[in-house]
Amino acid sequence: MVRLYRENRSKFYRVKCPDCENEQIIFEKASTVVDCVVCGHVLAEPRGGRAALKAEILAELE
């Protein structure tokens, strides 16, 4: 079967840091540790496929 268009199977998330309440956009399949740009709190850690999110998800972006 040939795909006529490429489906986007990955998402970005808008998350809120639990410490400083900064909103930040991160990739769902992050391959490195994602820190908050304001306070340095860890927002996501890599887990093979999808990242383990340590922050509140506000919205899914495609």
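Even glycines carry a Cβ here, placed using N, Cα and C.
Features of the protein shown, as given by Swiss-Prot:
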BINDING   Cys17, Cys20, Cys36, Cys39  Zn(2+) binding site
ZN_FING   17-39  zinc finger
Other same-chain residues whose Cβ falls within 8 Å of the Cβ centroid of Cys17, Cys20, Cys36, Cys39, the recorded Zn(2+) site, in sequence order: Pro18, Asp19, Glu21, Asn22, Val37, Val38, Gly40, His41
Stretch-averaged pLDDT - the zinc finger (17-39): 95
Fewest-neighbour residue among binding-site residues, criterion Cβ within 10 Å, set Cys20, Cys36: Cys20
Tertiary neighbours of Cys39 (Zn(2+) binding site) (same chain, Cβ under 8 Å, six or more apart): Cys17, Asp19, Cys20, Asn22
Helix, strand and coil residues within the zinc finger (17-39) as assigned by DSSP: 0 helix, 7 strand, 16 coil
